[in-house]
């Protein structure tokens, strides 16, 4: 469902090739041992014939890289991304029994995290909303020349009611490249996760929302929506095999409008029997294999390794991913228990949104 129609209830990382290292030293030590992923190689092979569906929307000189937990804070009210403040009044009653998502085949999820960033004045308050800013961890894979992305809290900001994730321009290839990332504090086992965002037209990064396992020792679950420099004009959708086989299923869909001049909704629908992907509410032709099955964080990031067959870059100018809001409906119980109604609740008591 559109973010600006979301109800809020009181209650209750793209391609990493391994959970991010926590220190610069650990990242440097791991560079030589990290192999290129099959998915990135497939992307490079397919990109040669991929049409640029958005070439008419932005200057080629910009598009082509020259070098390369809880919703308690929001009460139970209807929330609009465009609203000036959060409200605690209720128009539809208490949603403590969860949500039926009418735009997603009446899927049910018991919890929600809705954030309208126009109501957030300080990024330090994100932790109280169930989000953490990554700082000093690796995002994405390592390039053959040693280029790797390191998250920095300094690259995440809230400005004019928009959450911004920036990869600063002018960084050198072949070394540490500063990036930006946020993720949920909680891990979900299913849900519908929407980001309302405007992409940067400056090439040289991967701008993404995805789910990623909370325990790499156990599994490598990952479900991606990515926009990468090597495939301009396309939304790249990928499911990764949770069983650590390094296999993946990938599809690409062309943009139907200009994602650089307007805000659009990017949605991952992680259901009991499938994963589906949506753009502005329209289902995309996505992968059908390797649906995630284990608890995972929901991650939004903007990063570059300088790898010529994937992110390219690093960008010459600042690349800024702008996020107006998020709407996450989810469960944390095993999908074997779906639908996971809270104690004393039934389908008839859930809010229809």
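The backbone N, Cα and C atoms fix where each Cβ goes, and this holds for glycine too.
Remember, TrEMBL labels are computer predictions, not curated facts.
When TrEMBL is compared with the stretches 237-256, 257-276, 277-296, the one noted as region 'Disordered' is 237-256. Averaged over the domain 'GH16' (102-334), the predicted model has a pLDDT of 97. Under DSSP, residues within the region 'Disordered' (237-256) fall into helix, strand and coil as 0 helix, 11 strand, 9 coil.
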